[in-house]
Amino acid sequence: MRWSIATAIASTAKGFLHLHHHFLKNSNPGIVLSPSLRFRFWVRAFSGTTIDYREVLRSGLHNIKFDDAFHLFVLMAYSYPLPSIVEFNKVLTAIAKMQMYDVVINLWKRIENAEGIEISPDLYTCNILVNCFCRCFQPSSALSYLGKMMKLGIEPDIVTASSLVNGFCLSNSIKDAVYVAGQMEKMGIKRDVVVDTILIDTLCKNRLVVPALEVLKRMKDRGISPNVVTYSSLITGLCKSGRLADAERRLHEMDSKKINPNVITFSALIDAYAKRGKLSKVDSVYKMMIQMSIDPNVFTYSSLIYGLCMHNRVDEAIKMLDLMISKGCTPNVVTYSTLANGFFKSSRVDDGIKLLDDMPQRGVAANTVSCNTLIKGYFQAGKIDLALGVFGYMTSNGLIPNIRSYNIVLAGLFANGEVEKALSRFEHMQKTRNDLDIITYTIMIHGMCKACMVKEAYDLFYKLKFKRVEPDFKAYTIMIAELNRAGMRTEADALNRFYQKHVRQNESAPAEVS
C-alpha cells in the first residue's frame, strides 16, 4: 500500500513541477525559479522531506512568498499521513491572497485528481474555489462547482452566495447576479448587507441608479441596515448620474442614522460639485471632512484642484498641490494633468508645460492623458513641432493615442494656421481609424470654415449621415452660423428648419439656433 502511494506521489510530483513552471511562466513573469531552488524541490519530493510543514504552518503564512507557498503545498501533498483539509485550506488561502487565483484552482484540481491521494474538501475549501473561479471571471464555473459541492453534501453559506453574486457582477452579468441573490432564501441562506451592497455598487457603476435605489428599499424592508459602504456606493452613483440633490439626501440620511461618511463618500460629492462649478459646495464638503478628521486621498485632492482651476484660481490650486504633498499624499498623473490644464486655461502655458515635463522627476510616469495635455499646451504656445513630437513619442513608446489625442492635434493644427497638415492628417485618420466621433468632425467643419472652405465643410457635414455620425447641437450651431457668414442664406435656413423639426425635439438644447 505504501509502495503504491509512493508511486502515485512520484508521478504526481512531475505533474506539480510542470504546473509550477507553467504558472511561473504565465501567472507571474517576475518569479524565476533558480537551479538551487529546483534542486531543493526535488529533494523535498523524494528524500523523505527534511522540512516539517507543520512548523511552517505554525509560524504563520502572512509574509510567505508565492514560490514558498507553492512548494509548501506540494510538500504537504507528498506527506504521509496526508495533512488535514484545514491545513491545506491555510495554504490555498495564502496563495489566493496573492491574487494567484488560477494557481489555486489548478493546484486543487491536481491534488483532487491525483491517483493514490484521497482528500475531500470542506465548506471553507469550496468557498475558496468558488471565489477563485469568480475572480478569474468564470462565474459559470463557480456555479458548476456549487452543484458539485452540494452533491458532496456540503451546504453553501452566505460566503458562497456573496462570492457568486460578486463573480457575476465582476463579469458584468448584472441580471444573473440579481437572480442569484434572489435565489438565496430558497437555498436557505439569509441575505446580508454585503450581498445587497455588492448589487448596489455594481448597478451604480453602470449608471443604473433607479434599480440600485430599489435594492436599497427592499433591503430596508427585509430589516437589513445599509452601512457606510452601501451609502458611499449609492452616493457615488447618484453623483455620476447628475442627481446631486438625491446624493445630498442620502448624506443627511447617513447623519440621521449615525453612520459616518468616509473618504469615498466625501470625494464623490466634491468631484460632482467641482465638475458643476459649485465651488462653495466643494469648500463646504471639504471643511466637513477635515472637521471629521478624514484625510483626503489623491482623488479628493485632484477634484479640489480641478474645481479651483475651473474658476481660474490656479495659485490656490498650486497651494492645494503643496498641501497634498505635505500631507504625504502622492499626486498622480491625473493631478498633474488637471493642474497643467488650469495653467493652460489661465494662459500660463510655460508653467503648464514645465509641470508636465517635471513629472518623471517626481516619480510619475507619463500616460495618454498627460501626453494629450502636453500636446494641447504646446499647440497653445505655438510650438507645433514640439506638439507633434510628443504625439510621435506616444506612438513609439507604447502609449497608444486615443481619439482625443487625434482631436487635439487636429484642433491645434487649425488654431496655428496649419490647414493643409490638418486636412492631410484627417484624410489619414479616415483611412486608418474607425472611431472618428462628432467631436472630430466638428473640429474639421469649424477649422475648414475658418479657412474659407465653407462649401467643403458643408459637404462634409452633409456626409455625416452616411458615416452614421449624428451631428449634435454644437455642430448644427457652427454650420448654420458659418453658412450665414458666407452668404449661403438658403442653405442656412434649410438646415435650421431641418434642425428645428427633426433634431431639436430630441435634444436638451437651447430653443433657437442662430
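Numbering starts at 1 and runs along the chain as displayed.
Backbone N, Cα and C define each Cβ position, glycine as well.
These come from Swiss-Prot:
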type	residues	note
REPEAT	122-156	repeat 'PPR 1'
REPEAT	157-191	repeat 'PPR 2'
REPEAT	192-226	repeat 'PPR 3'
REPEAT	227-261	repeat 'PPR 4'
REPEAT	262-296	repeat 'PPR 5'
REPEAT	297-331	repeat 'PPR 6'
REPEAT	332-366	repeat 'PPR 7'
REPEAT	367-401	repeat 'PPR 8'
REPEAT	402-436	repeat 'PPR 9'
REPEAT	437-471	repeat 'PPR 10'
REPEAT	472-510	repeat 'PPR 11'
Residue counts (helix, strand, coil, in that order) that DSSP gives for the repeat 'PPR 7' (332-366): 25 helix, 0 strand, 10 coil
Secondary structure tally of the repeat 'PPR 1' (122-156) (DSSP, helix then strand then coil): 26 helix, 0 strand, 9 coil
Contact set, same chain, for the repeat 'PPR 9' (402-436): CB under 8 Å, 6 or more residues outside the stretch: 368, 371-372, 375-376, 378-380, 382, 384, 387-388, 391, 394, 443-444, 446-448, 450-451, 453, 467, 469
Per-region confidence, the repeat 'PPR 2' (157-191) (mean pLDDT, whole number): 90
DSSP-derived helix, strand and coil totals, residue by residue, for the repeat 'PPR 5' (262-296): 26 helix, 0 strand, 9 coil
Helix, strand and coil counts within the repeat 'PPR 2' (157-191) (DSSP): 23 helix, 0 strand, 12 coil
Chain residues in Cβ proximity to the repeat 'PPR 2' (157-191) (below 8 Å; excluding those fewer than six residues from its ends, i.e. six or more beyond): 123, 126-127, 130-131, 133-135, 137-139, 142-143, 146, 149, 198-199, 201-203, 206, 208, 219, 222, 224
